[in-house]
Amino acid sequence: SAPRCHLNKHLIDVRVLKGEPAELTCTVSKHDVTGTWFKDGLKLTSMDGICLEKEGLVHKLIINKVEDIHAGKYRFEGGDIKTEASIFVEDPPQVDKVLLKNLLSVPTVAKAGEKVKVKIPFEGRLPVRATWLKDKMELMDDARIRVDKTETFTMLSISSSERKDCGDYKVRLKNDSGVLEINLKLVVIDKPQPPAGPIKIVESSANDITIQWNPPKDDGGKPVQSYIVERQQVGKSEWVTLGETPRSCTTFTTNKVEQDVSYYFRVRAVNAEGASDGLESEEVKAVSKASPGAPDPPEIVSASKDTITISWKTPHKTGSSRIVGYIIQKRKAGTTTWLSVNNVPIADKKLKITSLKKGLQYEFRVAAVNAAGTGDASEPSQPVFARDSTKSPGPVQDLKVSSNNSTSVTLTWKRPDAKDGSDVKGYEVEIRSSNNLNWTKCNALPIEVTTYTVKGLHAKERYFLRVRALNDSGPGEATELEAFTEAAAPVVPPRFLIDNTVKSSLVIKAGNAIRVNIPFEASPDPVVTWFKDGLPLPDRSTIDTKDDTTQLLIGAAEFTDTGTYTVELQNGLGKRETFSFQVQVTDIPQSPGPIQLQEKVPNTVTVTWEPSASEKWESNLYYTVLKRESQKGMWHVVGDLIYTNKFTFTKLIPGRDYYFRVVAKNNLGTSGPSETVQPWRIQKAKAEHQVKPQKYKGVNQNQPPRFLVPLKPHVVTTGSECHMSCAVGGHPAPKVTWYKNSKDLSNDPSYFCTNDFGVCSLVILGVTKHDEGEYVVEATNDLGHAFSKAFLAIKGNN
C-alpha cells in the first residue's frame, strides 16, 4: 500500500498586533494533499483580507491586516493529517506619537483661575481603563477636578486652576493587551505670595525708619521682579507708595516721616503676573533717639593693693538702639570729682581697674553707651580699699539645727562678728558621720545666705556638721555642731488614688479652663512629672503639687491642647507609677461648605459638600443630610452619622422638586446649615438605542462568554459608595446576573446593575456591614457560561 501522508511541520500559535500581517504555515510530506482550513470549527475560503496558498508541500493562511475578528483557533486538515493553532490579536492602548512627544517635552501652562483641559485620544481594545495620577496619587473627582473617559479619549478638566495643581502627572492606559504610561507636567502661574514676615524695624528715629522683610515662600511660578513699599499714617485710611526695591533688596529706608507720628508699613512682591497681597507691619513710631538708662550700682568682685575688679549688669532701659559699650568712672571716697577709667567704651561687663593708690578707699560708677550717646551714670558702688586682704573672717554666730527629718538636716547661722566679718563673700558647709574622721564639703559654690539644707542622709544616724565664712583670703574659723536624723517614715510605694472624680477622658469647650486634680499616696515624697503626648507640657500649663494631690491647670483651652496627658510618680526606691487621660478640646462645629448635586446613577442624586472647617480639630464630627420637597416644606432627615462628605439619596419621584440641607454635629451641638438654592428634579429617562454590531459575513462570530477583566476584591468604609465592575466578551451578547452569597440581586432595589456593551457594573449606595460577603457575576449565552468572584470587606469609620 502507498505510504501515508504525515506532517513535516505543525501549525504554531501566533501573537500579532492589530493591523499587522499574520501567517500560519504547515508542511506535509506529499504533494497531492489539497487540505482544508477551518476557524473555530467553521470551514474557510479565500476572501478579502484572508488568503489561502499552497506552494508544493507548504500550506499557508495569510492575513494581510489582522483585526479583532481574526482572533481564534485555526485548523488545517488534509487526508489523514490534522494540525491546529491559535491567532491571538494584541491591541494595547496607543496614542499618536506626535501628541505623545509634545506631552513629554512641553509642559502645560495655565494662569491661576483659568480652566485647564488636557485631552488624550487613544486607540486599543476595549475596555481601556484610564487612570490619572498626580505625584504618584490617583486623582479623584472633586468640586474643581474631573476626570472623563470615553472609548476613544480621556480628559482631565480643572475648572479653576490653583498653584497647588502644579506638578508631575501620569496617565496610565491599560487593557488586557498591555499598559501605556504617559508623563506630563502642569505649571500654574500666579501672583506671588506676600513677602514672608514679620516686618522687622531695623532702625527708628525722628528722621527716618528702616524696615526689613523676607522673600515670599512661593513666587507664583515667575521670578519676583521687585517689592513695592507703602506707608499708612495711624488714624488715616490712605496708603502712600514710598518706593520700589529690586528683587535682591529686602530692606527699605524712608525719610518721609514726622517726629512722634506712628505709621504702618506694607510690602508687596511683584512678578510678571502682578503684585501680591501686602505684608503689614506693627505700629511704628518715629521718635528721637533715646540714650540708655542708668545701670544698677556696680559690684566689687575682688580687691588688692594694685587692682580692684568690678562687675555690672545691663541697664533695664536700653534706649532706642542697642548698647555698644560702657564708660567707667572712679573717685576717692568722700570726694565729688569723678575721673574716667576708660575713654573708649568697653563691651564687657567686668573690668580690672589699675593705677590705684595703695590704702585709699574708692567708689565706682558705670554709664551705658548707644547710638544716641552716653546714658545716665549708675549710683556709686560700695566703697572699697585698694589693699590686700590679710585677715580671714571670724567664726559664724548662733549655728543651730532649725529642722530635720529622716533624710535631711537644715542649718541656720548668723554672720561673723562685725569686726571679723565685714568682707565675707560666702560660706561653706562640711559634714562627717560619727564613724568617719574625714570631712566632706557639701556645696561646690559659696553659699550666699545664712541657711543650708544637707540632703541624702540616712535615718536614725548621728552626724557632725561645721560652717566656715569665706573672703578673699580663704575660709575662716569653723563652727561645729552635732545633729541627728529622725527615724525613716514607713515606705509607701507611689500609687494613684483614682475614684469617680478622676475621668479617663475629658471633653473641654475651647476657651474654658482645663483643671484636673490627681490624688496619690507615696512615702517618701515622690518626684511628680507631667507630659503631654510623651513630651514636656507647654508653657501655658501650670502644675501645683501639694497635700498628696497634683493639679494640671490651663486657663483657656485651645485646640492644640487636645492630646494624651500623663502624670508620673517616682520615689527614691526606683518605683515608678503613671496615669494617663485623654483631653479633647472642641467647640460647636462650623457650617459645612457649599453643596453640589449630581446624578451619578439613574434616578438618584448624590449630595456632596465642602467639609466643615471644624474637621481639622474635631475627630468625632459627623454630618446629617435633610431634604424637603418645596421651598416652605418641612425638613426631614434622610441621612445621619455620615463621616464622609458625600451622601446618595435614592427615593426620588420624577417630576418633584427637592431641596437639600447639610449640618455638622459633634458632642457639643449642631452647626448652622448649608443649603441648596436651586431645586433638584429628576429628568425623564431617555429612550435607549440599541447598537447593532456589524457582522462579519465570512466567519462565524459565535463565542462562549469569557471575562476580559475579572472582578477584583474591594475594601470600603461604612457609609461610602462601592463600585464593582468587570468586562465580559462573547457572542451572542451574554446575559449578566449578579449574586451575593448565592442570592440573585437582579430585583433587589439596594443594588444598581448596569451593562454597557460588556462593561458590567454593580453600585451599592451607602454600604453597611450587611453588604459584606462574596459577590459572583455570571455571564451566559447559548454556547456556555462563565463566572467571576470577588470578596467585599467593610471597615468602620474609626
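Note that the numbers count up from 1, one per residue, in the order the chain is shown.
From the backbone N, Cα and C atoms, a Cβ is placed for every residue, glycine too.
According to TrEMBL, the protein carries these features:
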| type | residues | note |
| --- | --- | --- |
| DOMAIN | 3-74 | domain 'Ig-like' |
| DOMAIN | 194-293 | domain 'Fibronectin type-III' |
| DOMAIN | 294-393 | domain 'Fibronectin type-III' |
| DOMAIN | 395-490 | domain 'Fibronectin type-III' |
| DOMAIN | 494-586 | domain 'Ig-like' |
| DOMAIN | 591-685 | domain 'Fibronectin type-III' |
| DOMAIN | 705-793 | domain 'Ig-like' |
| REGION | 373-402 | region 'Disordered' |
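Across the domain 'Fibronectin type-III' (294-393), the prediction's mean pLDDT works out to 88. Panel annotation: around the region 'Disordered' (373-402), residues 291-300, 303-306, 308, 310, 312, 315, 319, 327, 329, 331, 333, 338, 356-367, 409-417, 419-421, 423-424, 427, 450-451, 467-481, 483 of the same chain, lying at least six beyond its termini, place a Cβ under 8 Å from a Cβ of the stretch. The residues of the region 'Disordered' (373-402), classed with DSSP into helix (H, G, I), strand (E, B) and coil, number 0 helix, 13 strand, 17 coil.
Counted with DSSP, the domain 'Ig-like' (3-74) comes out as 3 helix, 36 strand, 33 coil.
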